[in-house]
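Student: Would you mind keeping the following structure in view while I ask a few things?
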Amino acid sequence: MGSAEYEIQQRVEVEIPPTKPFFHSLKSSLKETFFPDDPFKQFKNQPVARKFLLGLQYFVPILEWAPRYTFEFFKADFVAGITIASLAVPQGISYAGLANLPPVIGLYSSFVPPLIYAMLGSSRDLAVGTVAVPSLLISSMLGKEVNPHQNTKLYVQLVLTATFFAGVFQAALGLLRLGFIVDFLSHAAIVGFMSGAATVVCLQQLKGILGLVHFTHQADLVSVMKSVFSQIHMWRWESGVLGCCFLLFLFTTRFFSRKKPVFFWINALAPLTSVIMGSLLVYLTHGENHGIEIIGHLKKGLNPPSLSELETAFGSTHLTTAIKTGIITGVIALAEGIAVGRSFAVFKSYHIDGNKEMIAIGMMNIVGSCTSCYLTTGPFSRTAVNFNAGCKTAVSNIVMATAVMITLLFLTPLFYYTPLVVLSAIIITAMVSLIDYEAAIHLWGLDKFDFIVCISAYVGVVFGSVETGLVIAVAISLLRILLFVARPKTSIMGEIPNSMTYRSIEQYPKANLVPGILILHINAPVYFANASYLRERISRWIDEEEDKLKYSANDLQYVVLDMSAVGSIDTSGISMLEEIKRNADRRCIKLVLANPGGEVMKKLDKSKFIDTIGQEWIYVTVGEAVNACNFMLQTCKPKTKAVNEEADDKV
């Protein structure tokens, strides 16, 4: 403390940054909001022709990497493409059934969209195709408006329309650089929602496993269980035995592949093997005559154009529902596709541009909706197989699409005898891996609130509906954001022994409190949403500190606010500081600020709060502020509360 006076005299003043023109500040803020990755950097100091080429490569990435493509890459991509095609065919047929669509539409959706993504996508590993959860959402939301079995044509038109608007919404998010909107679905909410949806999907496959003809269109647990057990007399033991056998086969191959990753291809080929074995078994035993339902006729040929279907649906009274379905399923598909792409990009140390991915996924769904395809994205299971098969680029998607094209042209009659129970087994096997109970256990140990978010989303889906679970997931995620903003963390700080460092006494219990000085840390920007709370919380800290010192020799003389974490402040926040200053003055306590940032200093200067508190009571560090307060305590005899109260009584 001997150098306190010297330090006060030599202290560095907290400077006020120069004011920038309004439009310059606005431009800077918009750039940080919409272009944090600075995509225009590559265009600087480039001739016009080069800028045009770079622009094309930015929106069509295949133009950037195709010139460097080698035959060695093609060999790896060919093997990976054929491998994922063996998964795409049975999954496409299965998920189309989940969406209550004709099975051939699932194959259409594995032909055109992968070709579009191969040109526009930035991920080398993402394998494009249909996915279970959006398929279930489409069935759940549109099935309430139009019965897919009684009015199949209108239902298909609405699904294609929902896919079109999903693509428009996805591409718009990317073009407008609004990808951060997807981030409002927290990881915990996604885990709970996806696990709940996977549970519901598995439950609905009991229809296929048990060979039931009539089944509930509701997706909640109670309705499904009621439908299952009210039809015990309709259960087909042949279908049940066949389903259990294929479930055992699929789970065994998955377990073996996980134990021996080098044999990943066994798990990848298991669904197609099941389809072939099941079809042969039904054909040889005439199982269709013994209660085993089959796919039946699949239309031969490539995707027919569907612009006329879209045009018809645009005039439908159900257009609003189709738009709502498209937006909701589009967000879910985006969240899954981008998360999967980024996860595998980490393993190969390359970067994925989220906004470019949104444009790519959006465009493939727009084009897909015009060619009889429904919603597609990058499913985890197919992408994992693509990655393990050694893919090098998005050409593996082109190879897969070519294989599906050959299937559509020549092989669809071979699927006539494919039993629906096999497709149900394939879906169940894929969905079980999405029920991530380990992640829920991890959330319980890490963050109880996140666990509540996860379980609430799960319960909402399983016991309510998919839409209910999604609303709960989003609502609780937004609630948490509001709680973070409206109830920021504040803490008392103390001096760590043998240092000039001040930290929270909650984190560092051995930190020493400074007599007569209360040091408070505000750990968030100060806005209208939290200004009132901070005023009350700081006042309570002061009251509690004065109560502690009531019977001691020291009075509370100084309150130091550490504002190092306060990145910005608005007018409500400044009003809060002014009120705290007045309250402190009434108690004969001096308010001191430590380390306010540049933006905060600008606002404090414009509001004249710096003149109110005095520039000499604003310090660069908490240490300087405490030294100054200690110096004043040692050299000056501040007027005590008792003296002031006595003076007030005389007046």
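Every residue gets a Cβ built from N, Cα and C, even glycine.
Owing to the predicted nature of the structure, the values given are computational and were not obtained by experimental measurement.
Look at TrEMBL and you will find 507-629 tagged as domain 'STAS'. Summarising the annotation, TrEMBL assigns transmembrane segment to 126-143, 155-178, 235-256, 262-284, 414-435, 455-483.
I'd like to know what surrounds each of these features in this structure.
Tutor: Sorting each residue of the domain 'STAS' (507-629) by its DSSP state yields 62 helix, 21 strand, 40 coil.
Panel annotation: around the transmembrane segment (155-178), residues 34-35, 99-102, 105, 138, 142-143, 145-148, 306, 309-310, 312-314, 316, 318-319, 321-323, 325-327, 329-331, 333-334, 354-370, 372-375 of the same chain, lying at least six beyond its termini, place a Cβ under 8 Å from a Cβ of the stretch.
Remote same-chain partners of the transmembrane segment (262-284), defined as residues 6 or more beyond its termini with a Cβ less than 8 Å from a stretch Cβ, comprise 83-84, 86-87, 89-91, 93, 242, 246, 249-250, 253-254, 256, 292, 294, 385, 388-389, 414-419, 421-423, 425-426, 429.
Sequence-remote contacts of a segment are chain residues at least 6 beyond its ends whose Cβ falls under 8 Å from one of its Cβ atoms, and for the transmembrane segment (414-435) they are 90-91, 93-95, 97-98, 103, 132-133, 194-195, 197-199, 201-202, 205-209, 211, 239, 242-243, 246-247, 250-251, 254, 271, 274-275, 278-283, 287-288, 292-298, 380-381.
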